[in-house]
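Working notes, beginning with the structure itself.
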Amino acid sequence: MSAPAADHNAAKPIPHVPQASRRYKNSYNGFVYNIHTWLYDVSVFLFNILFTIFFREIKVRGAYNVPEVGVPTILVCAPHANQFIDPALVMSQTRLLKTSAGKSRSRMPCFVTAESSFKKRFISFFGHAMGGIPVPRIQDNLKPVDENLEIYAPDLKNHPEIIKGRSKNPQTTPVNFTKRFSAKSLLGLPDYLSNAQIKEIPDDETIILSSPFRTSKSKVVELLTNGTNFKYAEKIDNTETFQSVFDHLHTKGCVGIFPEGGSHDRPSLLPIKAGVAIMALGAVAADPTMKVAVVPCGLHYFHRNKFRSRAVLEYGEPIVVDGKYGEMYKDSPRETVSKLLKKITNSLFSVTENAPDYDTLMVIQAARRLYQPVKVRLPLPAIVEINRRLLFGYSKFKDDPRIIHLKKLVYDYNRKLDSVGLKDHQVMQLKTTKLEALRCFVTLIVRLIKFSVFAILSLPGSILFTPIFIICRVYSEKKAKEGLKKSLVKIKGTDLLATWKLIVALILAPILYVTYSILLIILARKQHYCRIWVPSNNAFIQFVYFYALLVFTTYSSLKTGEIGVDLFKSLRPLFVSIVYPGKKIEEIQTTRKNLSLELTAVCNDLGPLVFPDYDKLATEIFSKRDGYDVSSDAESSISRMSVQSRSRSSSIHSIGSLASNALSRVNSRGSLTDIPIFSDAKQGQWKSEGETSEDEDEFDEKNPAIVQTARSSDLNKENSRNTNISSKIASLVRQKREHEKKE
């Protein structure tokens, strides 16, 4: 346990208030530069190279919300959709803010990371280099119990929380639950089917669970009915982790955390646990003179698991936790944690997109494209903001007959496009007259020639990199299957694909290119004609020369191949214009026009009821038509409106309970021993998930070649209005969760 700090108002120490350590040396607070800081910067440099190659574009939004160096900060990040890429992206982009937002905002977040990740040698190296704070997770410690012991549910239908035990050989292996196990520990079924926490152990053969095993799978029902072997993990002590976080904050550092816990591929956030709130409250309770800024950070990926995709990183408005919160935490910890946790959850809604299921997400994205004027190109941050607002509007009016009707029409329209093989942004590009068809034919031939040229130019690098492409794909899919088997919340395991592609490429690429270089040196020494293009007979110089040449060839092929792929994507609408009957094309275009008009009318009617600045958004962004590039105007407009009246959009449908059951563990006599830091990641009421976006294709085809401590009173008023919007979301969340519980 952490050493208790003396309460200023009472002589008796308070267990849940940590010690404010003044002797802790923090190499990552921005005030010192040593070997640890240098390793951090080297890691950021490497990550930046990797992300420049893997992502086509990374946009950072709301950089002004990141507190300056010297302000204790917690970056609360969500959704955790790309395993190790997520924290690496946040760390690198936050450190690189010195180039866009000034050196004073260049922070070095140290992430709270699952202890199991530090057991992976490659991940452990970067984890230690970047000041990672390990946290044990109870589910990672599950181990098989004696095979002679079995558990079963005597009345699974009426009392699923009551678990009985029996022994195959009572003489040599007695059950003895009271001696073997303890409350707040974890039981697990075979093959990672389900886990459940122990509430109490009334006798040697009975266990009462805090919540029953999930019985959605028939295999679980079969095992609990007939009896099964099981796994067990002793309750964990998070005191050391909390103290490490407090030490970072007390020395004016920056801590990062994904409060959902492990990564997942669901379309909405997992429940947020109380640990993140206790980190901020414990720090200010120990030192009432300090203020902690809790900054929400949202990550948005367009095709997250694909090479050359796009990403948007968004920092939201900070929540300032001060000494007043600390005093409240000392007097009534549970209520204070609940209050702050709600604020943090609301703030995460403001920077993330949340849909109840995959179909709704696809409909919302299609609705945004239909609402957006055909030839207007919006920047990625604007697309993210509009998607978020549409999701929130849908959540509020989903039972409105007009919304139900529109959802069906949009869904049918998407199916029609799928049958033709078109994307929405390609529909209005289709031509119907004979003259236009002739022009399309000529354009098709020209683009085919260009595509062939770029394909040939990209061949050398593609051939060189083919072994890595193949191994990356095979190994990442293998890891995704393994992760899916172990996880209780993943759907397809797509959150693991990009991470393992990058890790495998990072390890294999240097090995492969060293091998290529050595082979070329041997070839140059044996073949005399090769000396024409080899600069020297020195083996080291030859190695450097060949290695650089191979890297340059691969990178050149990457860039030319990228243009070739964009050209290839633009061929389909030309082909459809030539081959498909004009009436069928006109029918699809008419359907789109009518659907766009109806959708716009409904948005214009309902939008102002949800967002006070709706008219301003529509006027400033969508009044620009006919090919006008509104990237700069729209981005600045969206940024201003994000500060003035953020939409706080969320799907509301599948977010976990705001008042986490972890709060019951916080009381005036409690400690930090078993407070959960990460979400339990229990499976909710989600239906399905996937991820597709036309925005990359649309951009590609059209282009083939703490807020400062002292804020003004006006901004305080705006923040108050933001809080009102967040409260509406919180209310909807609670209503939805209560409804799910009743079901």
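Numbers here mean position along the shown chain, with the first residue as 1.
A Cβ is built for glycine as well, from the same backbone N, Cα and C atoms used for every other residue.
Swiss-Prot gives the label phosphoserine to one of S167, S216, S636, S651, namely S651. Swiss-Prot marks one residue of S338, S637, S712, S726 with the annotation phosphoserine, and that residue is S637. Note on Swiss-Prot: of 279-293, 459-473, the range annotated with the feature transmembrane segment is 459-473. The candidates are S106, S347, S632; Swiss-Prot tags S632 with the feature phosphoserine. Of S263, S688, the one with phosphoserine in Swiss-Prot is S688, while the others lack that note in the record, though it may still apply to them. Tertiary proximity for the transmembrane segment (532-552) is limited to same-chain residues at least six positions away from its ends with a CB under 8 Å from its CB atoms, namely 464, 513-514, 516-518, 520-521, 524.
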